[in-house]
Amino acid sequence: MKVLPASGLAVLLVTALKFSAAAPSLFAATPRTSRNNYHLAQAYLDKYYTKKGGHQVGEMVAKGGNSMVKKIKELQAFFGLRVTGKLDRTTMDVIKRPRCGVPDVANYRLFPGEPKWKKNTLTYRISKYTPSMTPAEVDKAMEMALQAWSSAVPLSFVRVNAGEADIMISFETGDHGDSYPFDGPRGTLAHAFAPGEGLGGDTHFDNAEKWTMGMNGFNLFTVAAHEFGHALGLAHSTDPSALMYPTYKYQNPYGFHLPKDDVKGIQALYGPRKTFTGKPTVPHGPPHNPSLPDICDSSSSFDAVTMLGKELLFFRDRIFWRRQVHLMSGIRPSTITSSFPQLMSNVDAAYEVADRGMAYFFKGPHYWITRGFQMQGPPRTIYDFGFPRYVQRIDAAVHLKDTQKTLFFVGDEYYSYDERKRKMDKDYPKNTEEEFSGVNGQIDAAVELNGYIYFFSGPKAYKYDTEKEDVVSVLKSNSWIGC
């Protein structure tokens, strides 16, 4: 696995020429075929097998027969072909494949400086979209492509909607101001800059291409995942099964796992991702910390409440309390970062879908997924659920097991999300107090337990009977943790 130089630019290229069914080795076809193949090969070798120094990508640098034979041999060796120095059919087959355009030659396996990001949380922004796909599809493709890398290393990607991000993503046409113009359909597909200031990490896609989430056209997830590898500091791999192999090959976005070679390469830069498979650390008694919230105060409330396995979790500021459902003993506070480092503090909402073994934690316009206490990839955007853009945060969430609906509370309204269909129900949002008789005030947290929904609003917890459609009792919120 190679690592991209700090000044490196990677471009994904697809040749538009068709295969010649009658072309034997050494151009023994028509003179036109021979000339076309020769010029195509010369351009390819100059682009990918010349150490260009300060030259722009794609610039013609070296000429001459002996130099070309040497480059052909380099190409053949890189792709595991029989090394002859001749432009035989197999070699031309490789030359005509769709591929990424970062050169295949380098002075070192790890380039001088080993360019990489110096922080673990990176921002990204999609500033321009393509008409080939809906914005939601583009958002999803980019998120999944970044998640492919964060699953292997301790990097998190947070999407922002304004300002300058570490990784600026856009769909461009022609000359777009970075000295690497696009050339229309079936030419250069995309390019990405290595980690660094300014253009570092930025990833551009040719808007003239037909982008899809399927096998037709060019699969955006496949190209984006490859280019983000460059944006994180990787060059090409000689392993044909690797995502960072130079030639384009469709990858199914769903169920994709980063190949071993790519894992090895990215972990050489950033180290392996630490997983949290066990139980969180619980101190042997309340921490002696003056900033610990006084949860037993008469006015105290919770930010979020959720089931997690057979336990209940209660969140407040940077602390959470953990208790067995039917036991009130052994309840102790712990910092959120001790078990959920990426959440830090101030969780807005949380809920569990027990049938999937997954829990969802919300903070601002983002959410995280866990299996038990193990984080599953980077943060995602709440707009995946179908929220309108004016919704910036979720106040509370509760999953109803019988109906497989999840209710999201925002202000004095709530939304209903169908977990089976993975989309919002129609005719929402609705007014919370009108739909849930007896529940007053803004909902801070909610959880379903033993057929009841418990709504937490300030210091009160309303026990709501879903069959009677009414509140049957009102408790103190902090009574749930022994106050």
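Just so you know, glycine gets a Cβ as well, placed from its N, Cα and C.
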Which of these links to Cys483 by a disulfide bond in Swiss-Prot: Cys100, Cys296? Cys296
May I ask you to indicate which of 98-105, 250-257, 322-329, 386-393 is given in Swiss-Prot as motif 'Cysteine switch'? 98-105
Counting across all protein chains, other CB atoms within 10 angstroms of the CB of Cys483 (disulfide bond) number 14
Neighbouring CB atoms within 10 angstroms of the CB of His204 (Zn(2+) 2 binding site), all protein chains considered, total 26
In the repeat 'Hemopexin 3' (391-439), how many residues does DSSP assign to helix, to strand and to coil? 4 helix, 21 strand, 24 coil
When you tally the Cβ atoms that lie within 10 Å of each candidate's Cβ, which of the binding-site residues (His176, His191) has the highest tally? His191
